[in-house]
Ligand code: KIV
């Protein structure tokens, strides 16, 4: 197994930063296995996110909480091995980054065994982000709806509708950038708030249910292919509806993100 031969030709964090500076939107989809990884890569998707959403769409759980580090390593490696160009970001799962030291050990596994180029973690865990970045590990932050905190949040709800909460999300976004993160996912926040954050930060923002003004977009692959078992979230779109193959649907998504035609206002808050 050589996880890194192709990674040498893959996009890097510098390429993603340059895309933001050039005003080029970043396309991202979740991926969990080698076949979809190769297909998404062929279709031109810039970033493959091995999301812990796999707990819901692959494993059939009702949340992401049961997903383990070894699940993440397994799926990350399957994706990393099969892609050529796309940048690979892998989620640190629930309760795997409570301290900087724990985060380092687990992020190292995602990179060494799972071929991740960057790890993603939820919330403004500034000490953890600083520590990982100091050890040479690129970090993607995640604000807004935090699925790993669903029990504390009391459900999967839009975050940042009230002024005080919106100010907190904006302040956290700035602190996450200052702590050294290179990318920031914004999930289920009002489009106006996401636009302001994207404008203030120099690192790229990747939105999901966060409006068209983010620097890039991500969707859960199975939602946009309309094969998830649960109800498709309002912010997602069925790209299979007008496509004759999965690859065509993914190409349509990629083009819609690049041309800022997705998300439309009906997919935003
Ligand atoms: O786990 C996941 O797929 C994610 C996306 C929803 C951003 O974190």
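Just so it is clear, glycine is given a Cβ too, placed from its N, Cα and C backbone atoms.
Nobody curates TrEMBL annotations by hand; they come from automatic prediction.
Matching 20, 25, 120 to the 3-methyl-2-oxobutanoate binding residues that TrEMBL gives (52, 53, 91) identifies 120. Comparing the binding-site residues 52, 53 by how many other C-beta atoms lie within 10 angstroms of each C-beta, the top residue is 52. Other than the site residues 52, 53, 91, 120, same-chain residues with C-beta atoms no more than 8 angstroms from the centre of those residues' C-beta atoms, the 3-methyl-2-oxobutanoate site, are 30, 49, 50, 51, 54, 64, 67, 72, 90, 92, 93, 147. Sequence-distant contacts (6 or more apart, same chain, Cβ under 8 Å) of residue 187 (active site, proton acceptor) comprise 142, 143, 144, 145, 146, 147, 159, 207, 208, 209, 210. Least crowded of the binding-site residues (91, 122), judged by neighbouring Cβ atoms within 10 Å of its own Cβ: 122. A separation of roughly 9 Å, to the nearest angstrom, links the Cα atoms of residue 91 (3-methyl-2-oxobutanoate binding site) and residue 122 (Mg(2+) binding site).
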